[in-house]
Every structure is written in structure tokens, then in C-alpha cells.
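Contents: one structure, followed by commentary.
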Amino acid sequence: MSTTNAINGNLYEQLHQGRTNMYKSKVDVVLGAQWGDEGKGKVVDMLASEVDIVCRCQGGNNAGHTVVANGTEFDFHLLPSGVVNEKCISVIGNGVVIHLPSLFDEVLKNEAKGLQHLEHRLIISDRAHLVFDFHQHVDGMQEAEKGGKSLGTTKKGIGPAYSSKATRNGIRVGELLGDFNAFSDKFKLIVATHLRLFPSINVDVEAELTRYRDYAEKVRPYVKDTICFLHTALRNGKTILVEGANAAMLDIDFGTYPYVTSSNCSIGGVLTGLGLPPQTIGEVIGVVKAYTTRVGDGPFPSEQLNEIGDLLQTRGFEVGVTTKRKRRCGWLDIPLLRYTSLVNGYTCICLTKLDILDTLPEIKVAVSYKKANGDKLDHFPGTIAELGNIEVEYAVLPGWQTSTEHIRNFKELPENAQHYVRFLEKELSVPVRWVGVGKGRESIINVH
């Protein structure tokens, strides 16, 4: 037995020796740590000024990111926020689902605001799946059928498109650019499948095919094998930043299922959505809003259905970029953040919208969950039934009641504001590297 153990031990040691690394650079990742709307776009915009490539890896135009650059506010849904940096290549990866009409509408709207030369610096994966109009119709119908138990979907067709992908009758961008007769046959087949399930949807097949023949030529200049492109970039030492869409608590596996999106918006989705191996990942930046918000239905332990929630909603202008719905608001939730940090492995935190708390005399932070019988939970609940029955315990921290909006040095923040940041660091055992106190990239304070 001891000989076998010794042999196995030596083999295991050998497994970890002599590793070679073909890559000269790493991929840094920006992920939402709550239920979205944390300010990821602003963080990406800040970092994109120093990187070569910015990528989207999952989701579709159900995501909404706002970036303020040189006084102009840009809204992005499919485009990576890094497109505002003209020196940067933007990549839409294979894990993204793309509604081409929405993509080109977004391009036109942002070009009107001054975005230029996208045709030279936007690359779309040939393996990304297409979202069709009938996917959007089905999304709305499925949501309506749920009645009072709706999931709060954006009705952008994202779920049905991922369903088509999973059942292997979806259509990829590369297929649109290949033999158009083969694309037409496949399109007719997927429409017929949906009509059997949803006979009330109306699809003019010939009109759609005419439309997509035009889209094929329009999108063709942007399409590449992004997997080879990214691996070549890494071998050549190019810096790559990934912008996660949605957020950890909306992840199809790790979020508050079924009140989630249809993709993996945690670290695993970065690997599968871009074709990257784990060893390429460098920094994992968790973006945390200084309080918690959620759009749509689903459990929300620290939600404040009172004047505090109203104040946070009003001061934070908490309205969804994509849905235009008011966001639900509540206190910062440490157990939730510990959980998403476990899943994602944050190496640092960017804390955003600290200035929204400026007027409060005291600030509560959710620090633990208790079961109905009073026992403390040592894990994040895996079902919405369990999550709905917990009691939240809060720590009460002193507010600072001073404007932080124009402060640009961490040491100049009010002492209680600094304490709030350090409290989060201590509870998560993850350093807070940046603090946001306003809209533009210039309002992000470097802590260290």
C-alpha cells in the first residue's frame, strides 16, 4: 500500500512539474456580483483605455450597460462597452446570442453620438447563435402564460434562442454567411418547429429570408473565428478584458433559479463563451453596487419596501437600461456577495455608487441569514422557497452625510465612508481596488 501511495504521490507531483505556458498575457474579467446594473460598463470603459481587446462572452441584448465618455452617454446592449475606445478591438464571442436587427440599430444610434470606425474594430464570432423575431414573440407569449408568476424576462428572445441552441436546431452566424439555400432550409425547419408549439405566432418566411439575405452581407465584414483570434492575441502578449453581461445572481446555474437569465454569467461562462482555457484567466474583478438592486421578480432578502428603498431608487436613478422598469432597492447583502465570490473567485472589488448613500444618517448592511427556527445559515440557499423563509440580520454603520461626488482621493473620503469600504473588504476577504462616486470614468477612485 505504501509503495502504491509513494508511486501515486510521485506521479501527482510530476503532473504539476515542468508546466509550459504558451501565453504571454492573461485575460482579465469584469463580472457583476449582484443582480446586474452594478456599473460594469463604467469599469470596463475605465480599463479599456489600457487594453487591446474587449470581449462579450454571453447573453444578448437583454443586457444594458451605460458608459459616459467625454460628456456623452452611450447605451450598449450587444456591443462591448470597450467600443468607446477607438484603439481597442471589440469581440462578440460564441456564447452570445445576437438579434441582428437590434445590433445594427445599436450601431446606428451610437454612431449618431460620435462612435466611429466600428467596421475596423468589431469582430463577431461565426459560432454565435442568432435570435430571430419569432424567438422574441415566443418569449413574450411564454411570459404572458405565467400570469402572476412571471419571471420578469426582458422579452428579447434570449431564453428561446438559447433553447434552440440547446435542442440543436438553432442557427449560427456562420451558417447565415455560408450556402444561403442551406440557411433557408434550416430557417424554415426552425420556424415550423416553433409553429407546432406556438401556432398563433405569425412568421412571413419569405420576407424574413429576403431580410436575412441583406443582413448576411451587412454582417459579413465583422465575422471571424474569434477563438483563433483570441488565442493568437494571447500568444502575442495582447491584453484582453472580458465584460460579463447580467450578473452572478442571474446565472442560470448559480442564481435565484428560475428568476435568472438563460446563460452562465459567472466565470465559467467566460471560458465557454470565448473558447478559453482556465489558465488564461488573470484578474477577476467583482463589481459591487454600494447597495443592492434588482429588476423584475424574484427573491430579494435585503429589499426595502419603504422610504429607504424609495430614496435609493430616486437618488440612484434606478431604472433599467433595457427594460425601463424601476429597480427594486435594498441594503448591501454580504452573504450574497460571499456566495458570488465563492463561485467567481474575485481577486478584487470595484464598489460603485457610494455617493448615493451620502445623505443617510445610518446605513444597514445584511451580514447573515437565519432560518425560521433561529439557526444561522452557513450557505446561500439553493431554492427560492428556502431563500423566501430566511430572516436577515443587519449591522448598522454610521453614515457620513457629506457629498462625496467630487472627491478623487480615497483618503479624502469622509472617515465613515472609508469605514464602509473597509467593512466590505473585511467581510469578503477581498480587496476593494476602486470606489465609484459618480457617473463618469473620472469619478472612480483608486483605493490603493
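Numbering starts at 1 and runs along the chain as it is shown here.
Even glycines carry a Cβ here, placed using N, Cα and C.
Sequence annotations record features per position, and here Swiss-Prot assigns active site, proton acceptor to ASP37. As annotated by Swiss-Prot, active site, proton donor applies to HIS65, with the evidence given as sequence analysis. The GTP binding site annotation in Swiss-Prot covers 36-42, 64-66, ARG327, 353-355, 436-438. Among the features that Swiss-Prot reports, IMP binding site is placed at ASP37, GLU38, GLY39, LYS40, ASN62, ALA63, GLY64, HIS65, THR154, ARG168, ASN246, THR261, ARG325. The Mg(2+) binding site annotation in Swiss-Prot covers ASP37, GLY64. Sequence annotations record features per position, and here Swiss-Prot assigns substrate binding site to VAL321, THR322, THR323, LYS324, ARG325, LYS326, ARG327.
Of the listed binding-site residues LYS324, ARG325, LYS326, ARG327, the Cβ environment within 10 Å is emptiest of other Cβ atoms at LYS324. Pairwise Cα distances among ASP37, GLU38, GLY39, LYS40, ASN62, ALA63, GLY64, HIS65, THR154, ARG168, ASN246, THR261, ARG325, the recorded IMP-binding residues, top out at 34 Å. Taking only the Cα positions, the spacing between ARG325 (IMP binding site) and GLY36 (GTP binding site) is 13 angstrom.
DSSP assigns HIS65 (active site, proton donor) to a strand segment in the three-state reduction.
A Cα-Cα distance of 14 Å separates LEU354 (GTP binding site) from ASP37 (active site, proton acceptor). Here the candidates are the recorded positions ASP37, ASN62, THR154, LYS324, ARG327. The one whose C-alpha lies nearest to that of VAL437 (GTP binding site) is ASP37. Summary for the binding-site residues ASN62, THR66, THR154, ASN246: the Cβ-based neighbour count within 10 Å is maximal at ASN246. Neighbour density for GLY64 (IMP binding site): within 10 A of its CB lie 20 other CB atoms from the protein chains shown. Cα to Cα, LYS42 (GTP binding site) and the residue listed as 'active site, proton donor' are separated by 8 Å.
The recorded positions near HIS65 (active site, proton donor), taking a 10 angstroms Cα-Cα threshold over the set ASP37, GLY39, THR154, LYS324, LYS326, ARG327, are ASP37, GLY39. Each residue contributes its Cα atom, and for ASN62 (IMP binding site) and GLY36 (GTP binding site) those atoms are 11 Å apart.
The separation of ASN246 (IMP binding site) from GLY36 (GTP binding site), Cα to Cα, is 5 Å. Across the fold, the C-alpha of ASN246 (IMP binding site) and the C-alpha of LYS326 (substrate binding site) stand 16 Å from each other.
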